[in-house]
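Summarising the annotation, TrEMBL assigns substrate binding site to Asp21, Leu22, Asn23, Arg36, His59, Gln60, Gly61, Arg62, Arg116, Arg156. If you look up TrEMBL, you'll see Arg36, Arg116, Arg156 marked as (2R)-3-phosphoglycerate binding site. Among the features that TrEMBL reports, ATP binding site is placed at Glu332, Gly358, Gly359, Asp360, Thr361.
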Amino acid sequence: MSTFKTLDDLDSDQRVLVRLDLNSPVEGGEVQDNRRFERHAETVRELAEAGHRVVLMAHQGRPGDDDFVSLEQHADILAEHVDRDVQFVADTYGDDAIEAIESLESGEILLLENTRMCDDELPEEEPEEKAETEFVQALAPLFDAYVNDAYSAAHRSHASLVGFPLELPAYAGRVMQTEYEANSAMATREFDGQVTMVVGGTKATDVIDVMNNLGEKVDRFLLGGIAGELFLRAAGHDVGFDVDDMDLFDDQWEENHETIESLIEERGDQISLADDLAYEGPEGGRAEVNLEDLEEKDRPYLDVGADTIEAYEPVIHDSEAVFVKGALGLFEDERFSNGTVGVLRAISETECFSVVGGGDTSRAIEMYGLDEDDFGHVSIAGGAYIRALTGASLVGVEMLERN
Ligand SMILES: Nc1ncnc2c1ncn2[C@@H]1O[C@H](COP(=O)(O)OP(=O)(O)OP(=O)(O)O)[C@@H](O)[C@H]1O
Ligand SMILES: O=C(O)[C@H](O)COP(=O)(O)O
């Protein structure tokens, strides 16, 4: 159970500083709407409707990257979800920001500029150091309360996440609450029946680390994606190698092959690997090959095959809890969506407790017409979800608990 205060504990008529995670895909300079806006809108609407003055902070991208852009577009997208005006000021804690904050009326909402455009935000330092920064010291006196709703960024010891709770009474927002509870379930709940984890995606190093830590908690691992191919490579199959200018396998193999080999040796009976794989056939359609018949080492494999899906589905149906981290194939291309969608559909058909994590993977739910309500929880967190699965604490959550 969480031990932090929530919006239920907030006094009325407060000047509230709220940290959201609106970090989003940016395509050709356009910020893409996504589940994060919809989820955070719930917290923001609740605060505005209660009559608080609501000032929002969030980050976008990392300095130097193409998606490191202003939050101006985020304000418009958020406004649509909140169904209220969201003002924007292109400043974090300077005179313009302070003026905009001070002129806010009850029930109004203001979004400040990308926190990572402020020098004090990023270097990961102790919360006490972050609390001493100019950024925190300038803003905190303008508020009565701080709300952290950014569960998906709570693993970062950045000023906007850990500095303010040392200066202001701190509360968890609604997203923080629900994400915390669902994502910590692997670590905090006891399940009577089978616990299954679907492991895929491109960040093999992260998920292999999780597998290494969760062998006692998880009964069955169903593998696909890049991690799945690396396990097949360790088992002696001619897959899991970078082809042409790919950069997915070889480095991750170097980093992880010893862990993979020991996992296969010690926990092989808990780990299910693909029997067949899909690739782009000569006519451009989906083609499949059984592992026994693999001849070509040089071709990219983009999904698990039909036999594998048929073998994974009953495992899901027999599970009491299923946790998903990563897609089983390149589902954004419909030809290679069968594995990911097959597994998600099987989860949606059962009554099991389920959490689907990872920003990319969870996109498959709406892309292929599945109903989010048929899943226990669809997380908007990536790195924080990975940490929560293994029971590692998140510094942003710790600060709420300390407060
Ligand atoms: N065989 C494959 N070849 C290429 N890409 C693949 C393959 N299998 C899965 N993927 C890709 O993996 C991506 C999802 O993996 P990722 O590791 O980014 O996970 P995530 O947990 O969903 O996201 P995040 O951690 O970024 O929130 C999907 O976009 C999918 O296209
Ligand atoms: O999108 C995310 O996963 C979070 O916002 C954290 O972003 P970061 O990895 O750039 O800190």
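Backbone N, Cα and C atoms are what each Cβ position is placed from, and that goes for glycine too.
Unlike curated entries, TrEMBL annotations are predicted automatically.
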Under 8 Å by Cβ from His59 (substrate binding site), counting only residues of that chain that are 6 or more apart: Asp21, Leu22, Asn23, Asn114, Thr115, Arg116, Glu121, Ala153, His158, Ser160
Neighbourhood of ligand 1 - binding-site residues from Asn23, Arg36, His59, Gly61, Arg156 with Cβ under 6 Å: none
Recorded ATP binding residues, Glu332, Gly358, Gly359, Asp360, Thr361 - maximal Cα separation rounded to whole Å: 14
Cα-Cα distance linking Arg156 ((2R)-3-phosphoglycerate binding site) and Gly359 (ATP binding site), given in Å to the nearest integer: 17
Local Cβ density at Arg156 ((2R)-3-phosphoglycerate binding site) - other Cβ atoms counted within 10 Å: 21
Alpha-carbon spacing, Gly61 (substrate binding site) to Arg156 ((2R)-3-phosphoglycerate binding site), which is rounded to whole Å: 14
Candidate with sparsest Cβ neighbourhood (10 Å radius) among Arg36, Arg116, the listed binding-site residues: Arg116
The one of Asp21, Glu332, Asp360 whose CB sees the fewest other CB atoms within 10 Å, among these binding-site residues: Glu332
C-alpha spacing of Arg36 ((2R)-3-phosphoglycerate binding site) relative to Glu332 (ATP binding site), in angstrom: 19
Sequence-ordered binding-site residues from Asp21, Asn23, Arg116, Thr361 with Cβ under 6 Å of an atom of ligand 2: Asp21, Asn23
Distant-in-sequence Cβ neighbours of Thr361 (ATP binding site), under 8 Å, six or more positions away: Gly200, Gly201, Val324, Lys325, Gly326, Ala327, Thr340
Between Asp360 (ATP binding site) and Arg36 ((2R)-3-phosphoglycerate binding site): CA-CA distance (Å): 12
8 Å Cβ shell about Glu332, Gly358, Gly359, Asp360, Thr361 centroid, ATP site members excluded: Gly201, Gly326, Ala327, Ser362, Arg363, Ala364
Neighbour tally for Gly359 (ATP binding site), based on other Cβ positions within 10 Å of its Cβ: 18
